[in-house]
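Over in TrEMBL, the protein carries these features:
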DOMAIN    9-466  domain 'Major facilitator superfamily (MFS) profile'
TRANSMEM  57-81  transmembrane segment
TRANSMEM  158-181  transmembrane segment
TRANSMEM  193-212  transmembrane segment
TRANSMEM  346-367  transmembrane segment
TRANSMEM  373-400  transmembrane segment
TRANSMEM  412-435  transmembrane segment
TRANSMEM  441-462  transmembrane segment
Amino acid sequence: LTFPLLSVTLLVSFGSSMLYGYNLAVVNSPAVHIKAFYNATWSQRYGHGLAPGSLTLLYSLTVSIFALGGLVGSLLVGVLVERYGRNGTLSRSALFVILAGGFMGFSRELGSPEMVIIGRSITGLHSGRCCLGSGALHSPFLTARSPTAHLQGAEADFILPAATGSVGVIFICLGIFFAQVLGLPELLGEDRFWPLFLSVVVIPASLQLLLLHCFPESPRYLLIEKNDVCGATKALRRFLGTRDVQDVIEEMKEEQRSLSSVEMVSVWQLLWDRSVRWQTLSVVVVNAGMQLSGIDAIWFYTNTIFENAGIPVSQIPYATVGTGTIEVVAGLIGCFTIEKLGRRPLIITGFCAMGICLAGITVSLLLQTTLPWMRYVSVACVVGIIAGFCMGPAGIPFLMTAELFTQSHRPAAYIVGGALNWLCNFTIGFIFPFLQMSSGAFCYLIFCGICLLVALYVYLIIPETKNK
């Protein structure tokens, strides 16, 4: 990797994937303080506080509205990239994050819970555009395609091993970890700091906005979308560190010619195309299963889960940081083993591990009254769920979506997978508190069943796609 290529990849991941991870976990630590603010504001406006059910509903909306924004952003990313390019889309998205940080940062001063909800939805819009959009915008210069991807119509500029495609997953893990660290009582975990805690997102967004202009636009966008051969040549020379880039230019021109002869199918056509029925069903199962596995509940409500498990309140923030550390390590392991082990072993093992650990949480919660040490089993199971997810299901579904389809069907498949991701993310974030109140410890068995069924489906149906 040349220095410019590595730099722009890290910069884009820092300002998009890491922000996505941060926003997943940032609402966990200050949940009590945000609820107290909502209750106090409601009391000032109407003379009475919120009922427990209404307060839970409002806070669940605050958590899950992030995913609805992400859904809208993921559907818009293709149009925005075509109009503004990747650098232009990232820059405009960074401006949105700065606006969202202002909404959340001044919400308490202005006594407006609505500003928190609006800010969360805008950060979701950014993540949908830049992290989990159909164009995989968070890593525009590195791709997780196989070496023959240019024959299928590559969506990135340089074809590198699949491990490099895990850079985004690692930065998501880092974002979650930073949110957990900043949520410690010694840092921003106190009541007076929660608006600042939510608005920290403006720092990476501002850095990305300032530094992104130091790098040229995506060479592939310049040549294929804008037919700017001169601009693409200059960008390639900058990224590759050599003046002889004619071979790469010729490959891109060949791709441009091949794309012009390919008729892209719509989402509706994809869903009704019997020739790709099993591929489409596999995208639906794996992408929906990734979010319905319960991982979003773990990220959004870690402190609540530990509190119900009987962990002392003073120890919960540090236990949460410990899970974040394991998460980063597991992400690194998945990154460096995906090429050796392949897709199927990692995703099957990951879902199975998550299912076993989810069942373990149920057992530990049921036995904690008679066996106090079972609370630590709950912590171990949460760690196991996160580790299992980061080693396999975290990034492989996006990779498999690309590898299961040819170029004509791939954009529509990305839209289906991305939309399901965000819809299921919203569903879990919204209903989990109510599910926990109604079902208690048994709510985790629902996620357990989903994980094991997805693992069984992958084992029986989906072939290994590495180097295929």
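Note: Cβ is positioned from N, Cα and C throughout, glycine not excepted.
Note that TrEMBL annotation is computational and uncurated.
In this chain, the transmembrane segment (441-462) lies apart from the transmembrane segment (57-81): fewer than three C-beta pairs between them fall below 8 angstroms, excluding pairs fewer than 6 positions apart. With a threshold of 8 Å between CB atoms, the same-chain residues lying at least 6 positions outside the transmembrane segment (346-367) that come near it are 286, 289, 293-295, 305, 308-309, 334, 337-338, 374-375, 377-378, 380-382, 384-385, 387-389, 391-394, 396-397, 400, 440-442, 444-445, 447-449, 451-452, 454-455, 458-459. If one looks beyond the transmembrane segment (373-400) by at least 6 residues along the same chain, the residues whose Cβ comes under 8 Å of a Cβ in the stretch are 132, 136, 144, 162, 165-166, 168-169, 172-173, 282-283, 286-287, 289-290, 293-295, 298, 302, 305-306, 309-311, 319, 322-323, 326-327, 329-331, 333-334, 337-338, 343, 346-354, 356-358, 360-361, 363-365, 367, 417, 462, 465. Mean pLDDT for the domain 'Major facilitator superfamily (MFS) profile' (9-466) in the predicted structure: 82.
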